[in-house]
Structures are given as structure tokens and as C-alpha cells.
Amino acid sequence: MERAIRNFLSQESAGGILLMVSVVLAMILANSPLSGMYHGFLETEMQVRVGNLDIDKTLIHWINDGLMAIFFMLIGLEVKRELLEGALSSRAQASLPTFAAIGGMVFPAAVYLIFNYSDPITQVGWAIPAATDIAFALGIMALLGSRVPVALKVFLLALAIIDDLGVVVIIALFYSTDLSTISLIIAAAAILGLIGLNRKGVTSLAPYGVVGLILWIAVLKSGVHATLAGVIIAFCIPLRAKDGSSPSESLEHSLHPWSTFIILPIFAFANAGVDLSGMSLSSLLSPVPLGIALGLLVGKPLGIMLFSYIAVKLKLAVLPEGMGWRHITPVAVMCGIGFTMSMFISSLAFVGEGQMYGDYARLGILLGSIASATIGYFWLSKVLPEKGAKA
């Protein structure tokens with residue numbers, strides 16, 4: 001188990017660094033003479049037609065609806081494994097990160113709404129600062145190397161996974177519109193098919209892939225966000241086969257490098273290109289970017305720490321062995337790194353009439369995430385023992 005966690009962390013950490021490069025490259029292109037080419041490329045129309053089925057979307061929508069469905073399937077596989085056999089499989093292990101994650105979603109949303117309560121158009125962005133980018137957070141933590149105890153990394157990992165699960169629920173409940181009854185019926189039939197495969201003990205991944213593709217298309221056409229199909233597919237794939245092997249973990253290991261080194265960097269490159277040419281200090285201090293930035297930088301750690309403290313004081317949870325509040329606090333600050341997850345929610349929240357707020361939202365995400373990463377890194381570096389020293 002410990003070796004699996006270390007492998008996961010090392011891969012996610014490298015991915016976090018690659019994500020940073022993707023964000024910087026997107027920002028450079030979006031604010032250079034090549035900005036027209038950059039945005040034009042992302043708006044390229046791509047059509048898939050099979051018989052009467054016709055899916056016509058821009059490249060950026062294929063990335064957000066298609067590639068990110070694979071990423072969310074990976075999240076689903078991780079959540080299922082952790083719930084059944086991992087860091088969330090017992091109440092004692094799951095309690096603290098669960099309370100922390102709840103606080104870390106409630107408080108950022110509240111901070112955002114404080115700044116945007118009077119505007120119904122911008123109110124829909126309340127969930128943007130509620131997300132944590134696990135790859136970025138682990139990438140920043142990895143810069144401290146072996147000084148970071150595994151227990152602290154596992155706490156961050158568990159918290160971020162629960163946070164991701166919360167984001168999935170938020171997307172399903174609040175960012176699905178114009179529902180198609182026929183597509184929902186087809187999606188329900190596909191889900192029943194996946195459950196049937198699981199119940200019959202089918203361990204081959206091919207049938208899940210075929211039915212899963214049908215589910216993704218149905219969900220895409222239904223008005224519910226297509227990424228949720230990935231989570232449903234993941235939950236239906238068996239964790240253990242009769243011979244002791246794990247189809248779920250096998251798929252998880254196969255998807256990790258694709259997600260870490262291809263899907264998330266592409267998503268970041270496509271969504272992080274904020275045009276700063278028309279921005280000013282007043283733009284930065286407008287309700288949307290200010291609410292998001294402070295939600296990530298202030299609301300996130302405040303919610304995590306307050307809910308964690310209350311849970312420990314009420315004996316509903318315990319701190320990880322060898323860890324104190326001085327260790328948990330900078331990790332809570334690091335959880336304010338929203339980046340790709342926050343940008344994803346932003347792409348769902350600000351559409352149609354609110355599309356003009358997209359760049360403002362991304363600016364707030366970048367500022368809040370960078371500040372959280374910087375402060376969290378130096379704070380954690382200060383409280384951890386020097387390499388070779390004892391804690």
C-alpha cells in the first residue's frame with residue numbers, strides 16, 4: 001500500500017510541474033501576437049458523424065467534455081479504491097480529511113458569495129473556489145522532497161480526493177441544464193448495463209468500454225455534464241476479480257500517465273490563456289476575481305482548519321500520527337491551489353450571458369492559486385525539519 005501511494009505521489013508531483021509549464025505557455029501565447037492563432041485553434045470545429053448520430057463541437061469543448069471525462073473516470077477509480085481499501089476505508093482514517101474537505105468547500109463558496117451576492121449572473125460561480133487541484137498541490141509539496149512525511153502527503157491526497165468527489169456532486173446538481181428526457185433514458189439504460197456487468201462478475205474491460213461510450217454520448221446529449229459519465233463507469237468496474245487481481249487498479253495505473261502527462265496539461269493549456277491586455281487594478285478588484293482569489297487563499301484554509309479543529313475537539317477525528325496543527329495549517333493553505341479543477345467549473349458556470357466573466361474568473365483562479373502555492377510552500381518548508389534532521 002505504501003509503495004502504491006509513493007508511486008502515485010511521484011507521478012502526480014511530476015504532473016504538477018508539467019501543468020505549471022502548460023499554464024505559463026498558455027498565458028504567454030494569449031498575451032502575444034500569436035493570441036489570435038491560439039484562440040482560433042481552440043475554436044476549431046470538429047465533427048463526428050456515425051449514421052444519425054452527430055456530435056459537432058469546438059476543440060476546446062472536445063477537451064472539456066471528452067478528455068476530461070477520462071480524467072474524471074480516473075478520479076472515480078481513485079475514490080472507489082480509497083473508499084474500499086485505502087485511506088478512506090475506515091472511519092478513523094476518513095474522518096479528518098472528510099471534515100476538512102467539507103469545510104474547504106463551504107467556506108470558499110461563502111467568501112465568493114459575500115462579494116457576488118447582489119449579482120445573479122456572477123452568483124453561479126460560487127463553486128469555482130471550492131475545488132482543489134491535486135496534481136498542482138502535490139507538485140508543490142514534492143519540491144520539499146523527503147522532508148515531507150508520507151502521513152502528511154496521504155492527508156492531502158485523501159482531502160483532495162474527497163474534494164474532487166464533492167465537485168462531481170456539485171456539477172451534477174448545479175451545472176446541468178436543458179435536460180433531454182430521451183437521452184437520460186438511454187443513459188439510465190447504459191448505467192443499468194454497467195451495473196449488470198459488475199453483478200455478473202465481468203472483469204474484462206472491453207464491455208465496460210463499449211457500454212461506457214454509449215453512456216458518455218447519452219450524457220453528452222442529455223444536458224448533464226458528460227464528465228459525470230466517467231465517474232459512473234469507474235464506480236461500476238470491479239475492484240477485485242475472483243483470482244485476486246484488480247481490473248479497477250489495472251485501469252487506474254494505465255490511465256495515470258495519460259491523465260497526468262497528456263490530458264491535464266492539454267486542459268490547462270486550453271483553459272489558462274487569460275488575455276491580460278484589457279485588465280487593470282480595478283479589474284482585479286472586481287467581485288468575480290476578488291471573490292475567487294480570496295475564496296481560495298483565505299476561505300479554503302480557514303474552512304479546512306475550522307472544521308478539522310472542531311472535529312478533533314469533539315473527538316470525531318484524530319490528527320495523523322506525528323502530525324500537529326503546525327503541519328496541517330500550511331497544507332490547508334496549499335489546498336487553495338484550484339487551477340485546473342477551478343477552471344473546469346468556471347467553464348461550466350460562465351456560459352451564455354455570463355461568458356464575459358470567464359477571463360475575470362480565470363484571473364482570480366490564477367492569482368489565488370499562485371498565492372496559495374507560494375505561501376503554502378514557504379510555510380510548510382519552515383515548519384518541517386531540515387533534511388536529515390529529526391522532527
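Positions of Cβ are set from backbone N, Cα and C atoms, glycine also.
Straight from Swiss-Prot, the features:
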type	residues	note
TRANSMEM	14-34	transmembrane segment
TRANSMEM	59-79	transmembrane segment
TRANSMEM	95-115	transmembrane segment
TRANSMEM	124-144	transmembrane segment
TRANSMEM	154-174	transmembrane segment
TRANSMEM	177-197	transmembrane segment
TRANSMEM	213-233	transmembrane segment
TRANSMEM	261-281	transmembrane segment
TRANSMEM	292-312	transmembrane segment
TRANSMEM	331-351	transmembrane segment
TRANSMEM	363-383	transmembrane segment
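The highest tally of CB pairs under 8 A with the transmembrane segment (331-351), across 95-115, 177-197, 261-281, 292-312, is held by 292-312.
Contact between the transmembrane segment (14-34) and the transmembrane segment (177-197) is not supported: fewer than 3 Cβ pairs lie under 8 Å, counting only residues 6 or more apart in sequence. Ranked by the number of CB pairs under 8 Å to the transmembrane segment (59-79), the listed stretches 95-115, 154-174, 213-233, 363-383 are led by 213-233. Long-range Cβ contacts of the transmembrane segment (292-312) within its own chain (Cβ-Cβ under 8 Å, at least 6 residues beyond either end) map to 95-96, 99-112, 115, 125, 128-130, 132, 159, 318-319, 325, 328-329, 332-333, 335-338, 342, 361, 364-365, 367-369, 371-372, 375. Within the chain, the transmembrane segment (213-233) has long-range Cβ neighbours (under 8 A, six or more residues past its boundaries) at 53, 55, 65-66, 68-76, 79, 168, 171-172, 175-180, 183-184, 186-187, 190-191, 193-194, 344, 348. Long-range contacts of the transmembrane segment (261-281) within the same chain, counting only residues at least 6 positions beyond its ends with a Cβ under 8 Å from a Cβ of the stretch, are 14-15, 18-19, 21-23, 25-27, 29-31, 35, 38-39, 42, 59-60, 63-64, 67-68, 70-71, 135, 339-340, 343-344, 346-347, 359, 362-363, 366.
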